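Enquirer: From TrEMBL, for reference:
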type     : residues : note
DOMAIN   : 94-222   : domain 'Palmitoyltransferase DHHC'
TRANSMEM : 12-33    : transmembrane segment
TRANSMEM : 39-59    : transmembrane segment
TRANSMEM : 145-166  : transmembrane segment
TRANSMEM : 186-204  : transmembrane segment
Amino acid sequence: MTFVKDPCGIVCVLVTYMAVLYADYVVTHWIILQTMPNSLWAPFHVVAFNTIVFLLAMAHLKAVLLDPGTVPLPQIRIDFSDLHSEKNYNHEREEWTMCTRCETYRPPRAHHCRICKRCIRRMDHHCPWINNCVGERNQKYFLQFLLYVCALAVYSIFLIVISWLYPCEDCHVDVSQAQSRMMHSVLLLLESALFGLFVIAIMVDQMHAILYDETAVEAVQQKGPYRIHRPKMALLAEVCGRGHPMLWMLPCTSLNRKHHDYETSDGESGTLIHRFSRHVSLTKRDFTDKTKYGFKVSNFYPLPDVESYSQQIRNLATVDLAKLITFTTDFRSKADFRSYTEIVNALDEECVRRIQGSTTYELLEMLHCFMYLLPNKIAQLKSYQSAMPKLIELFGGGAENERDFLTIVFFLGMWKRNKTGSVLMNEFLQQYLDRYLTPQLSQMDFAILANASYKTSLRLAEESEAFKRRLVDEIVNFDNTDDPALMVTLIKCARMNRLASDEIVQKVRSYVQANGHRKELDFRGLAHLFAYIADNRIKDETLEALFVEGCWARFEQEIRTNGFETQSQSCRPKDIATFLWACGTLSVPMEATGVNFNMLEKAIRLKVEAGEYRYIPDVLVDTVLSLWICDRKSIGLFRLLFKDRALVQNLRKERAKIESRKDLLLSCAEIDLPEAMDMVKAIRKPGDAFVLDRPAPEFLVRPALQKVAECLNHMKKAGDLPLTALRFNLPVKNLNIAGILVQFANGVVVNLDVMDDKHCLSDGLTPVGLLKLKSRILEDRSIKQATVR
């Protein structure tokens, strides 16, 4: 409960209740009881009118006393770890900012109220009539209050008109009573008209703010709608609750509390990388420096002299320079992009200049502050790239300790998809991993280590038996009530290390059965767990159904909540590709599932058009190819992939493995979709996608295939089989599963495939997705085929 001690607001609240009570008094005493004393309509109108008064009072009290969404103040001194939301990280308005008045970090759309003296999440405006801000948690009740006031005003005017049209029979007897009734009626009419029109105007403004997803503060700042593709009903549900729309009119709690939970400056929740960042900052950071900062923020922000900024920051101590980086976040929302870029570049260059002369403490302070300022682009900074080798050098110079070891591992993990980062991480862990990978290392510490190795594509399990054993133990002994994101991180690390373990498979099975209903286990988390089952080619129809139904239910919920809004952090392009790859690999019969492919393809198409695949075209290739394996030949996505010149150009820059998957997709299109031939011709020369007697390269002839061929040759020589010829073939271009083309004496030709451990699931009967794709293509071509286990 909250109450703002604002004199103006308190007076307005008292005036509101006096006006409502006066309206109730006039309607009940002077209109209903005097104009219809003997009518059955009298008790009906009394009950109906007072019901609206009661609902109005309840809605108003909740709007007045309920916390509108106050951003909590930090309980400790401000730390500079990353508290940004990853969602829409390319969108500037999704960034957290720092309020210099509250001295706390605030989430997106939060603004400081000068009357409440606090930052309010999704603040619309401060309303004196409720003596409170209209924010995320009380906007529903404020809207109900407006609606009930409007209803009360219309009801009052209706009853006044009825009393004038049908006056009471005894009113002419007492002239003073008639005059009093007329006076009260006129006063109530004026009150109802004025308040009614005023409230209607506010209510229209509120509905516009909700339906167009733009608060009054954002409208003044001319930021435009916050989310363009969000459905109107989803926006209303976000304010009024996830319950039935009929319940939206009642002043009771129907909000989904979890939907309104948000990350505070103390770091109570948030995405996993930010949780790691806070953990490292709060438990591994040196807090011996108790000073706030030795400079005046006003000398730099909010109006810095860009031309002389570089010279100004040279006079700062290195620790103060790091602290200034944090204040730059607040400057971002008040500056044009060019000025902000110049400021960040100046800070980056100044930090680079000081790297060689800095201590471990100063370097880590810089990194913590840049982690807050640019969490998703920190690895692009020159200061970061210079600081990491220097940190490793200082660490090896006699300053070794477990605290700095884990901090360096965490920051090296941010240098993902980079050869230099992988090399540095590999060398660092080769030297120090066995020393610091002790039983005393906590679960969170090991999760940070596992995540960093995964991000830098290191397979530590191949080199360290201790790491391998610890990884298996952490997964197998994981508490089902812990954060699912930690479990998913460990599974991703196991996948990177190609760690096949029956213990882990059994744990994943039991974990999903126990936690499949938890909302914290989102689409991407469930997709990665599913992918581990696919990696190990486990055939379990019950488990498959659990994964597919769980993933699709979460995907549908995302669509219902956000529409086809792009940049969804839960259903990212690579997570959709992971889910479809697992379905394809395990040969899941998608026609028997509840997956709506039209909805899925529409979501993918909108993500392509929004540019989400622009720099990851390989993910789109995998997605379309997985759909093909699942027997969903999407010509629309195929054309979208190869029609986008930027996507095609980025594909050419990728490694050979991605090029082979693209070529396989083109072969499938050439074989299965004649209507896509124009696109194929524009990319490569068609005509040889399917050649039944194409010789298979020697490196594709597997030992199992060689063994079957030797057996057939032996039977041919012994006269047990009437064979005239057999040879290794590769009928589908770029589908690198060789077979044996067997020709019988009667002229019949049979394509023989061998299901070894690599090409069948754990039941020994079901082929993997690619082999099933090959079989389907041969069947469509009316080629006789057989399979040998």
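Along the chain as shown, the residues are counted starting at 1.
Positions of Cβ are set from backbone N, Cα and C atoms, glycine also.
Quick caveat, the model's predicted, so the values are computed rather than measured.
What's the neighbourhood like for each of these?
Expert: Mean pLDDT for the domain 'Palmitoyltransferase DHHC' (94-222) in this predicted model: 83.
Packing against the transmembrane segment (12-33) from elsewhere in the chain are residues 42, 45-46, 49-50, 53, 56-57, 60, 64, 128-131, 152, 155-156, 159-160, 162-163, 180-181, 184-185, 187-188, 191-192, 195: each is 6 or more residues past its ends and has a CB under 8 Å from a CB in it.
Residues 19, 22-23, 26-27, 143, 146-147, 149-150, 152-154, 156-157, 160 of the same chain lie 6 or more positions beyond the ends of the transmembrane segment (186-204) yet place their CB under 8 Å from a CB of it.
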Enquirer: For the domain 'Palmitoyltransferase DHHC' (94-222), how many residues does DSSP put in helix, in strand and in coil?
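Expert: Across the domain 'Palmitoyltransferase DHHC' (94-222), the residues distribute as 70 helix, 18 strand, 41 coil.
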